[in-house]
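Annotated features, as they stand in TrEMBL:
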type     : residues : note
COMPBIAS : 34-56    : compositional bias 'Acidic residues'
COMPBIAS : 63-91    : compositional bias 'Acidic residues'
COMPBIAS : 120-132  : compositional bias 'Acidic residues'
COMPBIAS : 268-279  : compositional bias 'Pro residues'
COMPBIAS : 297-315  : compositional bias 'Basic and acidic residues'
DOMAIN   : 145-375  : domain 'BOP1 N-terminal'
REGION   : 1-141    : region 'Disordered'
REGION   : 219-315  : region 'Disordered'
REPEAT   : 382-423  : repeat 'WD'
REPEAT   : 637-678  : repeat 'WD'
REPEAT   : 699-725  : repeat 'WD'
Amino acid sequence: MAVKDVAKNGKKRKQSSEDDAPAPPTMTVGELEMLSDEEDGPDAVSDDGEVDEFPEIDTRSDSEDEEFEGLDEGDDSEEEGDGYEEEDDSSDTGSLHVFPKAKTIVSDITGQPKRVYPEIEPDYDSDSSTEDDPNRVGNVPMHWYDDLPHIGYDIDGKKVLRPARGDELDRFLSTVEDPSAWTSVFDKNTQMDKPLTTEELDIIRRLYAGEVPDAEYDPYEPTTEWFTGKGKEEIMPLSSAPEPKRRWVPSKWEKQKAGRIGSQPSSSHPPPLPAPKPRLPTNSESYNPPEEYLPGEEERKEWENQDPEDRDRDYLPQKHSALRLVPAYDCFIKERFSRQLDLYLAPRIQRVKLNIDPSTLIPKLPSPSSLKPFPNYSSLKFTHTKGRARCVSVSPDGGWVISGDESGKVSLWEVNVGREVKSWNFDSQIGALDWCPRLDVSYFAVTVEEKIHFIIPPNVHGPVLSLTQALLAPATLPPAPTTPSPVKWVTPSTSSRSMDTPILTANLPASSGLPTQLAWHRRGDYLATVSTGGTQGGVWIHQVTRRHSQAPFKKVKGAVQMVLFHPLKPHFFVATQQHVRIYNLSEQKLLKTLVPGIKWISSMDVHPSGDHLIVGGYDRKLCWFDLELSDKPYKIMRYHTRAIRSLHFHPSYPLFASSSDDGAIQIFHSRVYNDLMTDPLIVPLKILRGHEIRDGLGVLQVKWCSRQPWLVSGGADGTIAVWCS
C-alpha cells in the first residue's frame with residue numbers, strides 16, 4: 001500500500017471518530033511498505049529523493065489512553081498533510097516521520113541511481129532467545145576459519161569478524177571478577193562465552209551426580225500392571241494371531257548368506273592352506289632295494305635303540321625276493337589306534353624333543369688359569385694340641401698370625417716360616433681375636449669370658465712400641481665420660497707389666513657372656529664386640545683412646561650374630577638370625593634391612609669398596625648383595641654341602657673365600673666394576689681340602705694376608721694352615 005493510501009485512510013478514521021463514537025483507531029506499522037525507484041507505481045509522485053524521518057517512540061506511554069491520544073494527533077497531522085507526495089520536500093509534515101533517511105547510490109548492476117536505507121536497529125530490551133544467530137555458516141567445521149580474521153557470514157552475506165579474546169591471565173581475572181563466569185561455556189560458532197540457562201545447569205548437575213537428566217522423570221513411579229487376572233498372571237494372550245511359519249522353517253536367506261561367507265574367504269580370515277602332498281617313495285622303500293640301501297646289524301641295533309622321534313626315518317629297508325612275500329604293515333593297528341584317540345579325545349600336540357648339548361647350558365666363564373694368582377696348595381701348618389683352633393687373625397703387614405683355641409692358649413707365629421714365637425695362656429676359652437688395623441702401632445685384642453685383653457706382641461720396633469704404649473697406657477688418663485659406662489677399663493701398674501700380661505683390659509658387665517666376635521673400625525680407634533648374653537643384644541662399641549664403651553641398641557629384634565663397620569661410610573651392619581640391618585651411626589637411624597632368605601646367618605663380610613656384601617648361613621647358602629641395587633640377594637650360591645662357618649674378602653685382590661663344616665675352602669674370583677651397568681664377575685676358582693672333620697665341625701675361620709694372595713685357615717682338628725699361590 002502506498003503512502004497516499006495511508007493518508008486517505010487517516011482521513012476516513014478521523015471522520016468516523018467525529019461522527020460515530022470516540023473509539024480510538026488502531027494503526028499497524030506492518031502495513032507500511034518502502035518502495036524503491038524501480039518499484040513505484042505509475043500514480044506515485046516523485047519526492048525528489050527525500051523522505052520524512054520516523055517519529056520518535058515515547059517509551060513512557062504505558063496506558064492505552066495515552067496511546068490513543070497520540071494516534072489522534074497523528075490523524076490530525078495526516079489530515080493536514082493530505083497531499084503528501086505532491087508537496088515540496090521542505091514542507092513541514094508534522095511530527096510523523098515514517099521513513100529513515102536514505103542515501104542515493106549508483107547500482108553496480110544496472111548503472112542507475114537507487115536509494116539505500118540504513119539497517120533498522122531495535123532499541124528495546126529483548127531476550128537473547130529472540131535474536132537471530134549472527135553467524136550463518138551452518139553446520140561446517142569451524143577450524144576452517146582458524147587462519148582467517150572472520151568466523152563466518154551473517155544473513156546479509158557480510159563477514160562476521162572474530163571477537164577479541166584476551167590471554168589466559170585475562171580469562172582468569174574475568175572469572176575472579178564475575179561470579180557467574182563458571183556458568184558459561186565457549187561457543188565455537190560465535191567464538192564467545194555463552195551463559196547457560198538454569199535448565200542446562202540442572203541437566204549438567206544431574207549428569208555429574210549420575211541421575212536422570214530429565215527432572216520430571218520419576219524412576220520410582222508405580223508399575224503398570226499388564227495383566228489383571230488372579231495373582232496378576234496372564235490368562236488371555238496378548239494377540240490372537242497364529243504362530244508364524246518363520247518360527248520353525250529354516251531361513252533360505254540365512255542359508256544363502258552362510259554359503260557366501262563359507263565360499264568367499266574374507267580379508268581377515270585367509271583361506272586354509274592346502275594339505276601337503278606326500279613325498280614320492282625312494283629306492284629304500286622298495287620291496288627289493290639295492291644292497292647299498294640295506295642296513296647292517298649295528299645300524300639296525302642303533303635304530304631300534306633310538307626313540308621314535310629321534311629316528312631319521314620311521315622304517316628300515318627290507319629285501320624280499322617277490323612282491324607276494326611282502327608281509328602286512330606291522331604298525332597299522334598302532335597307527336589306527338592313535339588316530340582313534342585323536343578323534344575321540346582331542347588333537348594332541350607332538351612335543352618336539354630338544355637336542356641340547358648340556359655344555360651349552362653352562363655359563364661361559366673365564367678360565368681359572370687366566371685369573372691367577374689365587375691360593376692352590378697348603379704351604380705351612382701349625383697345630384694346637386689341646387683343642388679346636390676357633391679363631392685366627394693376620395697382622396696388617398701380613399707377616400704375623402695369631403691363633404686361639406678352646407683351651408685358652410693364644411699363639412703368635414710367623415707366616416713365612418711357621419715358627420711359634422710367643423704364646424699366652426688364659427683361664428677360659430678364647431672367643432675371638434683380631435689385630436688392630438693401624439700401621440703406626442702394633443697390638444691385638446683377645447676376648448675371653450666377659451673380658452677384652454689388649455696385648456703388645458714381642459719384637460716390635462722401638463718407635464712403634466713407644467707409640468703403642470702411649471696409646472694403651474698413657475701417663476695421663478683421659479677424662480671420665482659424662483655418662484658412666486658399666487664397662488670398666490683397667491691398666492696394670494708399671495712395675496707389674498710384662499710381655500706375658502695384657503697392657504690393658506676392658507671388663508664387660510656381669511652376665512655378658514663370652515664375646516664371640518671382634519670387629520675393628522678402619523681407623524683402629526673403635527672396636528665392636530658381640531657377646532652371647534646381655535640385655536642390649538650383647539653389642540658393645542668401645543673407643544680405645546677415651547677408654548669409653550657404650551651399647552648402641554636399647555633393644556634388638558632377634559639374636560645378634562655378627563656386626564661390621566662400613567669401610568668408607570659411618571654405617572654399621574648388624575646381622576641377626578634372618579636379617580641384616582644397616583644403621584647410620586652419625587644420624588642414628590636405620591637405613592636398610594636386607595633379606596637374604598637364610599634360616600640362620602652364620603657369617604658375613606663387606607667388600608673393600610663398601611658397595612657389596614656377602615652373607616653365609618648354616619643352611620649352606622651364600623648370598624651376594626649389591627647394596628645399591630636391592631634389599632634382595634643379587635646372586636645365591638650353593639657350593640658347600642654343609643654349614644658355612646666363615647667368609648672373608650681379600651683387602652687388595654679380587655678374591656674371597658668361604659669355609660664350611662664339610663672340611664673344604666672355596667676360593668672365588670670376585671671382580672667388581674666401577675661401571676654401574678656391569679654386573680660383578682663371580683667365578684669359582686679352587687676347592688682347598690686339608691682339614692679333618694672333628695665332631696661334625698670343619699674349617700672354623702679363614703683370613704687373607706693383606707699383601708699376598710695367601711690364605712690362613714683354622715679348623716676343628718686344631719691345625720692352622722697357610723695356603724699359597
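Positions of Cβ are set from backbone N, Cα and C atoms, glycine also.
Bear in mind that TrEMBL entries carry predicted annotations, made automatically and left uncurated.
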Could you tell me what the rest of the chain brings near the repeat 'WD' (699-725), counting residues at least six beyond its ends with Cβ under 8 Å? 372-394, 396-398, 401, 403, 405, 413, 415, 418, 645-653, 655, 657-661, 663-665, 667, 688, 690-693
In the same chain, who gets a Cβ under 8 Å from the repeat 'WD' (382-423) while lying at least 6 residues past its ends? 429-439, 442, 444, 446, 448, 455, 457-459, 499, 694, 697, 700-708, 710, 712-720, 722
Tally of residues which DSSP labels helix, strand or coil - the repeat 'WD' (382-423): 0 helix, 24 strand, 18 coil
With helix taken as DSSP H, G or I, strand as E or B and everything else coil, how many residues of the repeat 'WD' (699-725) land in each class? 0 helix, 17 strand, 10 coil
Counting each residue once, how many in the region 'Disordered' (219-315) are helix, strand and coil under DSSP? 36 helix, 0 strand, 61 coil
Which whole number is the mean pLDDT over the repeat 'WD' (382-423)? 88
